[in-house]
Amino acid sequence: MPKAKAPGGKKKKAPAAATAASASTKKIKFMTRKEANFLLMESELKVQNAQKHLATARDICDRAGLSVDSPIVVVEGPETTGGHSNTDHMVIRTGNERQDRIAELKRALLRRARAMQPEHRGEDRWDKPRIPGERRRRIFRERDRPEAPPEPPHTGFVVFVGQMTVKMRHDRPDQPHDQSRVVSEIAKIWRVSMSEEERAYYNQFATEARNEFDKQVVEYRATGSFRPSHSFSRLEGTNIWIRKHFQNGLEKEISQYPTAQFPKRPAAFDEAYNQREERSVLRRKLKLKGLVNNDGTLKNGLDFEELLQIEREKNQQQQEGSEASGNSGGDMDETTGNENSEDMIMAGDDAIGMDGNIVAV
């Protein structure tokens, strides 16, 4: 006799075949054509990006004599230690632009604070501490190496200041250049005259240039070389950054200038500048000799104009003598035609005695 089922007992589970049959009767939701095409396109893009990254990795590994299977640890940062163990200035990039910029600002402030301490300034740039009688070698950082990738500006405002400075100096050839005043003018243009789209162009410029620079730094650390930028370049002989393609109006204008290097002042102002420099040098020399009172007047009844004329005659004789001996231009500044201050001080030692009396030339 079969046993009766006890009240309150557990129910028996349905057979697996019955469960599969019930599942097959449920309605299956199919993808639409649009969803399927989107999924295929997304997958294809991911595959292409993966192939591109793999090709880049193989290229870098080939230059370094490695393979893609070799263990490589990449530490991203705008500077390198050059082989020594001083890594206090390096950080790991998080990928968040805001956090990375804050970290870069903190590092810049720390470097500035260290540079303001004379007892520690520059000691980390040598292979060993200063020892009397022993030579030491300087440690070359990445920024000191001419073959290292050039570092672009950090912000779009700095990019705009550089480009606008070139335009102003080109448009004002007859005016002396004062960079502090020029920056004030450019800052006003940036705040008031430019639209949000124009400022966004330069901010995007700086962001893309920094991202490309970071990739060049990684490649340079791995191989000792880097591929030049395809999107950005600098004006010849300057550190002014522009786009190679899709330039705005300002970039197109300054890229057509015959040169972006300008003298410190127009040639018409050289004579006045030289005269002011001569007076300043003579006054410093008199002050070193103790011949200047606290109120700026000269002691012992000296005539400043007479002393200045003697200095000029003395310097002119020395210049003629150097030209006659085939050493012309050695003590002259090619840009301003003015002699070094130290040379003028030494040349005038015979003209003025320590007691303030004028000695015949």
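Each residue, glycine too, has its Cβ placed from N, Cα and C.
According to TrEMBL, the protein has these features:
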- 150-221: DNA-binding region (DNA_BIND)
- 15-25: compositional bias 'Low complexity' (COMPBIAS)
- 316-326: compositional bias 'Polar residues' (COMPBIAS)
- 331-342: compositional bias 'Acidic residues' (COMPBIAS)
- 150-221: domain 'HMG box' (DOMAIN)
- 1-25: region 'Disordered' (REGION)
- 314-361: region 'Disordered' (REGION)
For the DNA-binding region (150-221), the mean pLDDT of the predicted model: 90
Residue counts (helix, strand, coil, in that order) that DSSP gives for the DNA-binding region (150-221): 57 helix, 0 strand, 15 coil
Counts by DSSP class (helix H/G/I, strand E/B, coil) across the compositional bias 'Polar residues' (316-326): 9 helix, 0 strand, 2 coil
